[in-house]
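Report on the following structure.
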Amino acid sequence: MNPKLPYILLSGAAMVIFILSCVLLSRGRRSPSCETQPRIVEKMGSTSQSLVFADLTPEEMVQVVRYLQGNLGVQLVDASRAKPSDNCIASVDVQVPAKAAVLQFLDGGGARPPREALAVLYFGNQPDPNVTEYVVGPLPTPRYHRDVTVQKYGGKVPYHRRPMLGSEYEQVGAFLETVAFAAAPTFLKEVFEYDGTNMAFQTTAPNGLRSGDRKSWLMVFQNVSGFFVHPVGLEVLVDHSSLDISQWAVSRVFYNGQYYRDMVQLESAYVQGRIRVEKVRKAPRDGDFSSMKPRAPSAALFPLQYEPQGPRYSVRNNHVLFQAWSFAFGMSVSTGLRLFDIQHKGERVAYEISVQEAMSVYGSNCPGGMSTRYMDGSFGIGRYTSPLVRGVDCPYSATYVDTHSLSETLSPSKRKASLCIFEQNLGSPLRRHYSNLQSFYYGGLVNSALVVRSIATVGNYDYVWDFVFYQSGAIEGKVQATGYISSSFLHGDGLRYGNRVWEHTLGTIHTHSVNYKVDLDVGGVKNSLVAHDMAFEMTRAPWSPEQQIERPRLTKKVLDTEDQAAFRLQSKMPRYIYFAANSKNKWGHQRGYRIQITSFAGDHIPETSSMERAISWARYQLAVTRRKEEEPTSTSIYNQNDPWTPTVAFADFINNETITNEDLVAWITAGFLHIPHSEDIPNTVTVGNSVGFLLRPYNYHDLDPSIYSHDGVFFTSEQDFMACDINPIACLPKTASCLPNFPPFTYDGFQNM
């Protein structure tokens, strides 16, 4: 054995250890943090001008409340503690100025319109109880108020039409527990093991069957997580029409397919053994099958999106800039997310895009389910906008915006991180071509778009509201539905009205309908509505006259009147329908923006229904009308509780007026039919439950505006596609090999509940 061999082996081993150590250390070295680069944002619009649309600040809300308390000559009770017989402030929101005044300010150098608030008050403590709306201004120091109720609605708003306050729900719940339930102690104890805490209830709407009613079916559930899918078979009809709570009464009771006069009769029938009892297994507090707690442990982290050089958009106050786009945003208490003054390349394409209403019509063989027609604007889509969870509701690195509201209280409330804005790589090309004929090249553009999002949780459903801005000049409005289904107790012929989703749970059939207001201003305020479509024509082949060819040709029609522009829900609509400007593009075509609707709507309630006029906007997939200041919304918060005498009937907007070369508004309805199924347990997924619309440029530009995007990729077979100046994608390992600066996770959704 060579005496030097051990030393040689030791030296070799030491060298191997050294090399491995270097490799491991290099692998463990932390990448540098991503650094924000100067943003490439075209300068458009003014952030200070956009404040003309801004939501009220908390300070302004406080000033409005103080003014009303000191200048109406009546005592105003905090709505959170108000009885029906009290006077209170239901809500305070911004009063958006008239469009003409705003445009004169934005475009004509005119004065800024006075800043005003709209206050909704309930006057229950007076000889003629009613709901009154006041415009209060100017802000920030109010000096006047004017009653606009008659001007807006043609008369006073009767008190029974008022949306229910949270305090009234609490009072109805207390009545159920202390008065109604007290009349059937044996039944409740032996059938439900009722202990005063283990029952929850959900109310129906509208409150009754005819104008003037205020009667609500209270559907009783086990009080567990996800209680919406734990019905017990008991429903109680409470008449709470009297302003004196002591006069409230039970009008009817329903249990397991049978109706009773009241809880006393139910108790008597049970004690005498004349009731068929269906025992429901007691669920644990976490709800068991309805729990949203994951059934699997955490594993590999899901993919994350980040911005290696910082966000490429800016948010200042209520104003957003993104590449060629600029717009203002806001949050209405009743209707939620809305946008104003949407501009592309410095030119306004829309004055307003806003949610108007979200409605559901239910079927069931239980009284609560069969009488439910929820109109969520009455409850408050904006009011129930929920705090967003970073990394789930929106990308982790999104910009999160706090919103403020004053509803059912004398003090403003803050909803932290209730709106998010982010740029999203959609993972597919916006456009591309690979050429292997004649010339050899690749050209493409990543589909990266800006998203503005809020999520409203109205009772059992969660609605994800998005407005999306594409580099092609298109705008998308869409809503995705998730949350819990509403259910009925399965009995009798229940399977005619849905699917069984658990032992005693019937997932009840229902429709979802969402209405949007789209005030397009294409190349100016004055537009016309034009329809393009196709038809086949037969012709002889010019080069072979004995042969016939069927070829598609373009059909064109100007829709001159509102009646022509009102397309019923299930009717055939022209596939290309667009707002046409008075100007033309380089190729001689009228510049336009096309409306393209994505919808799988169920059938509309029959027009013979006594309540149909209250939701007549849902008759139409699209209706285009002249824009009028006196027709600001397609519905009213007062329609929910008196749909039989609607405060606003959209059908009245359509009266065959000329719509050629006028300021026009498109009212768009999208929806889907939901037949709940077992996969809706524990709750509904967003996949397949997304509807909305696209606004797409149609001859608006001379060519696709995205060709000017900084994100474009192009290289030929003769170029070095590994060179950064030729192909920036090739250098991503260098330009994007940084660690994102993720802020710490926070959540304030359980504060001030």
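Glycine too: its Cβ is placed from the backbone N, Cα and C atoms.
The transmembrane segment annotation in TrEMBL covers 7-26.
Restricting the average to the domain 'Copper amine oxidase N2-terminal' (74-144) gives a pLDDT of 97. Annotation comment: TrEMBL describes 74-144 as domain 'Copper amine oxidase N2-terminal'.
Sequence annotations record features per position, and here TrEMBL assigns domain 'Copper amine oxidase N3-terminal' to 162-257.
The domain 'Copper amine oxidase catalytic' annotation in TrEMBL covers 305-707.
The active site, proton acceptor annotation in TrEMBL covers D376. The Cβ of D376 (active site, proton acceptor) lies under 8 Å from the Cβ of E357, A358, M359, S360, A456, V458, Y463, each on the same chain and at least six residues away in sequence.
With a 10 A radius on its CB, Y461 (2',4',5'-topaquinone) counts 22 other CB atoms from all the protein chains. Annotation source TrEMBL lists 2',4',5'-topaquinone at Y461.
The feature active site, schiff-base intermediate with substrate is assigned by TrEMBL to Y461.
Under DSSP, the residues of the domain 'Copper amine oxidase N3-terminal' (162-257) split into helix, strand and coil as follows: 32 helix, 29 strand, 35 coil. Counted with DSSP, the domain 'Copper amine oxidase N2-terminal' (74-144) comes out as 12 helix, 27 strand, 32 coil.
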